[in-house]
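The active site, nucleophile annotation in TrEMBL covers C82. What TrEMBL records for H169, E171 is active site. The ATP binding site annotation in TrEMBL covers S223, G224, G225, V226, D227, S228, S229. Look at TrEMBL and you will find 196-389 tagged as domain 'GMPS ATP-PPase'.
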Amino acid sequence: MKRETVIVLDFGGQYNQLIARRVRECNVYCEIYSYKTDIEKIKEIQPKGIIFTGGPNSVYLEDSPTYTKEIFELGIPVLGICYGAQLMMHLLGGQVGTAPVREYGKIEVTVEQSSKMFENVSEKTICWMSHNDYIAKEAPGFEIIAHTSDCPVAAVQNPGKNLYAVQFHPEVLHTQEGKKMLSNFVYNVCECSGDWKMDSFVEESIKAIQEKVGDGKVLCALSGGVDSSVAAVMLSKAVGNQLTCVFVDHGLLRKNEGDEVEAVFGPAGPYNLNFIRVNAQERFYEKLKGVEEPEEKRKIIGEEFIRVFEEEAKKIGTVDFLVQGTIYPDVVESGVGGESTVIKSHHNVGGLPDYVDFKEIIEPLRDLFKDEVRKAGLELGIPDYLVFRQPFPGPGLGIRIIGEVTAEKVEMVQEADAIWREEIANAGLDKEIGQYFAALTNMRSVGVMGDERTYDYAVALRAVTTTDFMTAESAEIPWDVIGKVTSRIVNEVKHVNRVMYDCTGKPPATIEFE
Ligand code: GLN
């Protein structure tokens with residue numbers, strides 16, 4: 001049975017992944033394609049609906065992204081958002097120009113509730129706008145179904161042809177009833193049935209893996225992070241004993257983390273993963289001796305990781321498949337899916353394929369957004385605390401220690417970080433804060449302890465609130481919590497005599513320090 005799909009045609013907007021996520025939240029599978037995708041390819045996909053995204057250009061200028069008009073003749077419903085709305089009007093004979101008043105931010109929109117798009121939406125509803133251009137005149141055959149005080153055409157429809165267009169952004173949370181509107185589009189207009197559910201995804205994936213793998217051997221690098229854990233457990237449910245998981249402890253994990261990972265995934269835990277733990281701490285510290293530059297540290301850690309993994313793999317002998325925990329945003333960001341500029345090409349464990357002898361890669365999470373990976377993890381029975389783990393970078397504490405990494409510094413940052421995390425949890429703040437950790441600055445300064453002069457390190461505490469980790473704000477932590485953590489750290493962690501709180505958002509800072 002073919003899965004119902006809605007596709008997002010990407011014209012370079014900022015929120016394109018959000019559109020796909022919102023559609024999937026409505027239980028409809030959704031994928032992102034560049035506007036350069038050939039119409040034949042789209043016909044092949046046979047989507048239930050198509051959504052044109054926003055974009056930075058002006059539709060009436062030459063060289064702006066466009067699409068063939070034929071797309072509106074396929075009998076497939078189309079929803080245009082912002083640039084996409086303007087483009088639909090422009091292509092179908094309407095007029096788009098510079099708006100006399102541009103709108104930016106939350107704006108009250110008056111909608112025509114009788115439209116399929118606005119069923120159960122309030123007549124006056126707050127929507128998020130971000131445009132310099134506007135639809136001056138709707139295309140023939142269309143009727144206006146929403147306006148604002150400054151924007152005469154905030155939404156239009158041609159219900160006979162199932163074409164809809166909105167000037168605002170229903171995908172962002174600032175649009176209060178945006179989710180309802182997108183749901184109206186996929187259910188009322190596209191007539192989807194809602195077959196994208198994580199329980200069936202997990203079941204189907206397990207079957208597909210079994211068919212692909214047959215009686216082959218599978219190797220997986222398990223880090224204990226959400227993605228690799230979910231991938232590993234899925235594989236073990238599918239092929240059981242044919243799977244071997246290698247966990248490299250590079251000595252840059254959080255306090256007790258190696259043992260925690262082993263407790264869950266090792267022989268004493270509930271899974272059958274043929275778990276191999278490699279304690280490679282000393283090797284990594286040796287390689288990192290004297291190295292201060294962040295990119296160089298990352299490179300060394302990545303390469304050493306591959307070496308260790310490769311040695312372990314050799315012991316196992318030839319494997320047929322290698323598992324990678326690639327997820328959908330990695331696929332989009334590496335330029336395969338969408339139009340937005342290539343940010344980085346991803347490899348979960350940094351280029352493994354070149355070094356390990358295997359026939360094929362399996363990426364069971366390739367189609368999933370992060371929140372879907374978590375849902376799949378819960379479906380697979382992985383405990384909450386693993387599924388809702390904070391992001392943790394591959395190079396681990398190596399990039400939370402500014403400057404040279406030593407075993408002694410690792411211990412300092414592990415202890416400080418454990419105290420910070422414990423107190424955040426005690427204060428009941430752990431659910432609100434997206435990510436929080438301690439870092440060891442490379443700064444030493446003078447202090448006084450027990451009447452004696454000290455010359456010791458400063459720890460930086462970091463806590464940010466964020467919805468997507470693309471932007472973040474420094475979290476407001478109650479002063480008594482910071483006070484308690486500070487006094488515990490300087491008392492309990494040797495060679496730390498100062499604690500600082502990082503007040504910087506992203507941008508201009510990043511969440512991690514290096
Ligand atoms: N560039 C177009 C405008 O300014 C569309 C903007 C958008 O899609 N957010 O109106």
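The backbone N, Cα and C atoms fix where each Cβ goes, and this holds for glycine too.
Remember, TrEMBL labels are computer predictions, not curated facts.
Projection of TrEMBL feature records onto the structure.
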| residue | record | DSSP (3 states) |
| --- | --- | --- |
| C82 | active site, nucleophile | coil |
| H169 | active site | coil |
| S223 | ATP binding site | coil |
| S228 | ATP binding site | helix |
Recorded positions close to ligand 1 - of C82, H169, S223, V226, D227, only those whose C-beta is under 6 Å away: C82
Chain-mates of S223, G224, G225, V226, D227, S228, S229 with C-beta within 8 Å of site centroid, ATP: L222, V230, A231, A232, G325, R389
Cα proximity to C82 (active site, nucleophile), best match among recorded positions H169, S223, G224, V226, D227: H169
Chain-internal residues, separated by at least six, CB under 8 A from G225 (ATP binding site): G325, R389, P391, F392
Around the Cβ of D227 (ATP binding site), the count of other Cβ atoms that are within 10 Å: 22
Rounded distance in angstrom between the Cα atoms of G224 (ATP binding site) and E171 (active site): 32
Mean of pLDDT values spanning the domain 'GMPS ATP-PPase' (196-389): 86
